[in-house]
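Participant: Here you go, one structure.
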Amino acid sequence: MSGYFITFEGGEGVGKTTQIFLLAQHLYGKGYDVLTTREPGGTAGAEVIRHILLSGQVQQHYGPLIEAILFTAARIDHVSEVIMPSLQKGKVVLCDRFIDSTRVYQGLNDKVSSSTLAVLECLALNKIKPQITFLLDIPARCSMKRANLRREKAETIDYFEKDELKIQEQRRQAFLQLAKQEPHRFRVIDGTDTVEVIAQQIRDICDQVMLDQLP
């Protein structure tokens, strides 16, 4: 497969969307064909599922397993209809959240067993995996402040942003643990730095890693 797959992970309000936009502009300037996308979402069908999931109705009425299954359904559609075809065409795909968010959000405290999540992941991935995952890491208190500010500005309404500080910190630690388990894929970025400092770090990493792998 001739393309390159980069994902962005982290808690709420860490700045993933901003950094994806800035990296896309950088890569466009270098002549790469870039696709930006997100999860849950990325296709018409997956966006419908996104709306349901972020409303919190599934978690409240059906529980974490059904929630994980719906995330997987959205991912299957997203991978088969958008990510895989784009990679086959040689595009650089930048995705806001992917498998690691499912591992953290649905797997935290064994809400859904790791074995079940592994099966769902296998169904969805079609053998693809990100070459680089940027983990934007900020303290949970900072994450909650940013998420609250975003809600006040009516930029988004997200069920997961409403979770208490303890849960947010547990998710942060779970992401960091994943990064320790797969250091070849993860790049942990201090999300408390300025937007430009973070963007430059990400650009430098991509330029170095992708130099010998893409034309």
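Yeah, the Cβs are placed from backbone N, Cα and C, and that goes for glycine too.
These came from Swiss-Prot, pasted as-is:
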| type | residues | note |
| --- | --- | --- |
| BINDING | Gly10, Gly11, Glu12, Gly13, Val14, Gly15, Lys16, Thr17 | ATP binding site |
Participant: Between Gly11, Glu12, which of the binding-site residues has its C-beta surrounded by the fewest other C-beta atoms within 10 Å?
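Facilitator: If we count Cβ atoms within 10 Å for the binding-site residues Gly11, Glu12, the smallest count is at Glu12.
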Participant: I'd like to know which of the binding-site residues Gly10, Gly13, Gly15 has the most other Cβ atoms within 10 Å of its Cβ.
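Facilitator: Sorting the candidates by Cβ neighbours within 10 Å, the top entry is Gly10.
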Participant: Around the ATP site formed by Gly10, Gly11, Glu12, Gly13, Val14, Gly15, Lys16, Thr17, list the extra residues of the same chain whose Cβ is within 8 Å of the site's Cβ centroid.
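Facilitator: Result: Leu136, Ile138, Ser143, Arg146, Gly191.
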Participant: Give the sequence-ordered list of residues that share a chain with Val14 (ATP binding site), lie 6 or more positions from it, and have CB atoms under 8 Å from its CB.
Facilitator: Leu136, Asp137, Ile138, Ser143, Arg146, Gly191
Participant: For Gly10 (ATP binding site), name the DSSP secondary structure in the helix/strand/coil scheme.
Facilitator: strand
Participant: I want to check the contact list for Lys16 (ATP binding site): same chain, sequence separation of six or more, C-beta distance under 8 angstroms. What comes out?
Facilitator: Phe8, Glu9, Gly10, Asp96, Arg97, Leu136
Participant: Only counting partners 6 or more residues apart, tell me which same-chain residues put their Cβ under 8 Å from the Cβ of Thr17 (ATP binding site).
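Facilitator: Result: Asp96.
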